[in-house]
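According to TrEMBL, the protein has these features:
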{"type": "DOMAIN", "residues": "9-246", "note": "domain 'P-type ATPase C-terminal'"}
{"type": "TRANSMEM", "residues": "40-61", "note": "transmembrane segment"}
{"type": "TRANSMEM", "residues": "73-93", "note": "transmembrane segment"}
{"type": "TRANSMEM", "residues": "124-145", "note": "transmembrane segment"}
{"type": "TRANSMEM", "residues": "157-177", "note": "transmembrane segment"}
{"type": "TRANSMEM", "residues": "189-213", "note": "transmembrane segment"}
{"type": "TRANSMEM", "residues": "219-241", "note": "transmembrane segment"}
């Protein structure tokens with residue numbers, strides 16, 4: 001490489017030594033990167049639309065009193081801890097087809113240009129999915145405000161934070177399982193990050209309940225409610241069933 005070539009390399013954003021490196025750059029790395037970025041963007045918008053829809057809908061229930069439905073630390077940690085690990089793994093290691101298949105089928109490059117990963121249909125589908133998931137959780141939120149639903153005998157009142165914990169748990173499970181469903185290449189690292197995300201959520205839930213809400217014993221109240229786990233299961237299945245059927 002001459003002096004002019006070396007100067008051009010230093011001034012460029014990226015460079016490759018031989019033209020034969022252009023094929024893997026565009027067809028392999030370009031395809032994988034495009035796939036990873038689009039899923040990262042779509043999922044990031046999705047999980048925040050679901051959360052925002054729940055908080056906005058609660059304003060109608062609370063008559064815009066300014067009261068928050070979800071615990072403050074949960075709102076702080078939602079994007080920071082609970083939903084970030086698994087999507088970062090997907091954004092780094094996601095692949096849809098193998099390298100050999102890409103080289104053997106040059107027409108696959110045209111699929112990327114035609115919008116197989118990024119199109120209006122994809123974007124609208126994710127928006128509809130987020131609205132549906134949010135509405136299901138909102139319905140469960142309103143449904144649970146009747147204590148008879150949670151306690152069959154209706155003998156005692158269920159604390160407000162106990163109901164919030166149920167809603168938070170449904171939300172975390174729904175968005176985590178949604179992320180799992182969009183994986184084309186689910187690795188051991190993805191499984192570890194999924195378990196880590198849920199573990200961090202439940203550990204923080206116990207810590208927050210013990211430190212700040214121990215006077216209500218919200219975790220103990222939930223564990224003694226006969227229909228609590230059925231409500232969580234119903235919410236998760238109802239929210240995700242259309243996604244798995246359509247997908």
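Please read every residue number as a count from 1 along the shown chain.
Note: Cβ is positioned from N, Cα and C throughout, glycine not excepted.
Long-range neighbours of the transmembrane segment (73-93) within the same chain, counting only residues 6 or more positions beyond its ends whose Cβ lies under 8 Å from a Cβ of the stretch, are 36-37, 39-40, 43-44, 47-48, 51, 168, 172, 175-176, 179-180, 182-183, 185, 187, 189-190, 193-194, 196-197, 200-201, 204, 208. With a cut-off of 8 Å between Cβ atoms, the residues of this chain six or more beyond the transmembrane segment (124-145) that come close are 42-43, 45-47, 49-54, 57-58, 61, 69, 158, 163, 166-167, 170-171, 174-175, 178, 231, 234-235, 238-240, 242-243, 246.
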